[in-house]
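Annotated in TrEMBL:
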TRANSMEM  12-33  transmembrane segment
TRANSMEM  53-79  transmembrane segment
DOMAIN    134-257  domain 'Palmitoyltransferase DHHC'
TRANSMEM  177-197  transmembrane segment
TRANSMEM  217-240  transmembrane segment
Amino acid sequence: MDINLFKFCSGLRVLGYLMVLLVAAIIAVSYYAVVVVTCGSQLLRGGGGHHSFFAILLIVVFHVLLALLTWSYVMVVFWDPGSVPENWRPVLSSEESLEAGSSSITTSDTVGSEGLDSTLSISEGLDRRQQVGYCDKCRNGKPPRCHHCSVCQRCVLKMDHHCVWVVNCVGARNYKFFLLFLLYTFLETTLDTLVLMPNFIKFFGKARDHSASPANLAVIFLAFILNTAFALSLLCFIFMHASLLSSNTTSIEVHEKKRTVRWKYDIGRKKNFEQVTSSLFFWMNE
């Protein structure tokens, strides 16, 4: 009996749901440590002046970044990364159709699984970028830069990777939201780290003198460690994806790009950036 080990990858989706809960828990801990314990206590002490103004400003900036990262996170989680329509075929021009000759490609949606195999061959004279691939698992055509995700059990357009933190693939249609999520989360965690740093430095003295609530001290200590770790990790991811974005490359295509003299999808840094920022489109006609 043949056992498909890739089917067990779908179990990673359960881990992804736990990651969503973990993200919510980290946000809750950070919110309590920054807004309630640090800035809130500053406002309660009163006194006015620049200290109160600075605390209010931090609370406003914190909530703005929190709203932005929550919005981008929800979009990455729930937005379709780019699905391949059933019985997809590339659309050939009249000249390309004549060149293909008897090996022309059908675009009918009524083609069965048996007829599907017979319509996949294209004349060797066609350019490689116009040739259609075929996914044995989905039993469907595969556009260029499309990959099958073993976790989602489907083909994803311009797939970058499957992210357990968002329980979804990162592909052509949600890559922009993923980048925004990285950026906003980095800014939020960096802000939290800077706000909590003075209290973290005083942590051991307050703990020894029992001059503060043990629960608040524990929350501040935990929030500072978590936000510092995430800020440093996200900084590395931002640099990595900025490099990939500048050359119009996905994480999956990195090794393929190293084997070529000139990456065929690189259309210049400006156009590469514009392609992602207006990424609510399908990568069907490359």
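Placed from the backbone N, Cα and C atoms, the Cβ positions cover glycine too.
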For the transmembrane segment (12-33), which stretch among 53-79, 177-197, 217-240 has the most Cβ pairs under 8 A? 217-240
Tell me the residue counts in helix, strand and coil for the domain 'Palmitoyltransferase DHHC' (134-257), as DSSP assigns them. 71 helix, 17 strand, 36 coil
